[in-house]
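For reference, TrEMBL has these:
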- B:6-29: transmembrane segment (TRANSMEM)
- B:100-117: transmembrane segment (TRANSMEM)
- B:165-189: transmembrane segment (TRANSMEM)
- B:201-225: transmembrane segment (TRANSMEM)
- B:236-264: region 'Disordered' (REGION)
- B:262-365: domain 'FAD-binding FR-type' (DOMAIN)
Amino acid sequence: MGRIEWAMWANEQALASGLILVTGGIVAVAAQFKGWPFAAYSIAAGVFVCLLEYPRGKRKKGSTMERCGQKYFTAVVKVFGPVTRNYYVRAILHAALAVPAGFLLSTILGMACLGIASAIYLLAAIRGEEWNPIEQKPQERPQVGGGTIKQPPTMPPPRPPVETRKKQPAEVAGQENPVPVAVEAE
Amino acid sequence: VLSSYSFYWFQGAAWLGLNVFLFVYYFLLFDRDKKFYYTRVLLGSALAWARASAKCLNFNSMLILLPVCRNLLSFLRGTCSCCRRTMRKQLDHNLTFHKLVAYAIALFTAVHIIAHLCNFEWYNDSQQAADGSLSSILSDLHQDEESNKWLNPIHSNSTVSTPAYVTFTTIPGLTGVIITVALILMVTSSMEFIRRSYFEVFWYTHHLFIIYFAGLVIHGIAGLVRGQTAESLNKHNPEHCAQDPTHWGGNNKHSHCEEPEFGSIPAEVSPSSVVVHPSKVLELQMHKKGFSMEVGQYIFINSPSVSRLEWHPFTLTSAPEEDFFSVHIRAVGDWTENLIDTFQQQKPKTPRIEVDGPFGTASEDVFQYEVAMLVGAGIGVTPFASVLKSIWYKFQHADQRLKTKKIYFYWLCRDTGAFAWFNDLLASLEQEMEESGKASFLNYRLFLTGWDNSIAGQAAFNFDKDTDVVTGLKQKTSFGRPRWSNEFSAVATAHPRSVVGVFLCGPQALAKSLQKCCHQYSSLDPRKVKFYFNKENF
């Protein structure tokens, strides 16, 4: 349990909360429930949370699976430097964003989920995790032999001429054993 | 390979077909049925969306454990060591199905929640409206009385009563929120990335399914969504009466429209017969359309006049062959005492009862044994009322499913006071058997474990009498606990070549000793007598 990066789960939870906030908000606004301005707010808050949480941070150990098309979002989120890198900020931000959504039934679920995400982010921050962007690595030519071969050969190895290259007859399948092999009974 | 994939494809298609069928069937039911005409006036088609998705949620929640339980069981049993590769493929397929069902649950949850958001909002709007519209008239019906006939669950039009308030102060609302949060946490922690990288997060969080299922069972119980009761539909046809709501209830020569009355969907039953037995035992005999039961099952009962929110389980004491179903309720706590008092007061209208069920695994095995030894200890005698009655019915009608030729029934209790009704049942069975000349079919022994010297003295004094002094039955009462070794050896001697089924409803210690006797007295020779102890929980 010690190697868990809570931020990764908090990220999934926050992304889901954003979607739930948007959905709840749309329902309340479309059907014009009482108090729908709160719903309009939660649509905006939900969209913001989704945009912020979409780019996944880099894992400390191992490779991180990027979300589809996240490099554009990474570029934007990276710009804010310490504000987006620090998880304490995110925890407080999500908690603050969640509060107004609690005033309308349609968005209460979003509030609860975002609140939980905020709590998990707080846990991540306490354990010293940080958001690091996943950088694109430049394409390298794969090094053969781990970089010890300086001048790889350019011509194929010499082979005997075509006539001497016999094909094995179909009956003799497989190899010729140098040592006689006895077939054991079942 | 092709055939195995096409099997799984077929399974998926069957599942999808069932979902579609369930959804459409219940949608049309709630959208068209006259019972819900007035509910639809308040809620529109959001009612149908909510209920149809609820049925699909029930169906899928039932299914979702299936693919993973089997694997867990196999794993625990250790049978997968020999065919690892096929087991893994099987596991993969089952997990795929599990995920598919999970996505369906998530989808239907979303539909269900959105529909209920609309429902709560529109219930609230109707309650607040004072414009004399049909909605506001319907919402005001029966709000002040104690009876349970209202339509709109939002009762007062104070400002406190917002949809959010109703959600968090009702059982379905609160449980709904809790289980949805549990579901969302389970889903986010099972995203492939999290599962592969941080398996413990996924594993521990997924155990929230316990909360999900517990909450789901409770969620449906309170029945906030209501329809017009059958008897009300007889006096008030909504299609006809909805046009003129201001003239309901009065003596109107144009339209005889009484005020409509509503009840919740977990059925309302009016007890057809109420008997109060000695020692404060209440017997309720009820009818419900479409109710079918098996022996050994139980139902939940709620009585709004005693307590709006409490549901208590009671074993059914009637046999499936009877045209009513009954329970016997003993006064053991304040809910039962209040209930019995309510019935004893004999108000002009019998108190309303709501029933949910039947639940529990039926005990069909009882009928499969040639010889059955039934042991009921204390309150455990209740399911045997159902069993004995059912066996007797089947025997009389020469039911092919009944293989039983002889029953030995052992009734152990401290004193018969609280079970006098069972006493009467045995007496009537005894009489019926004598009349049909089959007196030897049932052999029962009663053991009073709470005896004292005066009772023993009485018994000794009345030794020669035909009927027992304590119970009035032909069989004499024995005092103290039975000596099982004697009983078993007597049965073994009487039926040297039979298979004997032993059924117990009672304490664990008794189960242990019975099981020991079963082993001891079963013959090693397969042609001779064999005792099988059945661990059925009634």
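Keep in mind that glycine also has a Cβ here, set from the backbone N, Cα and C atoms.
When Cβ-Cβ distances under 8 Å to the transmembrane segment (B:201-225) are tallied for each of B:6-29, B:100-117, B:165-189, the top count falls to B:165-189. Mean model confidence of the domain 'FAD-binding FR-type' (B:262-365) amounts to 77 (pLDDT, 0 to 100 scale). Across the domain 'FAD-binding FR-type' (B:262-365), DSSP helix (H, G, I), strand (E, B) and coil residues number 13 helix, 39 strand, 52 coil.
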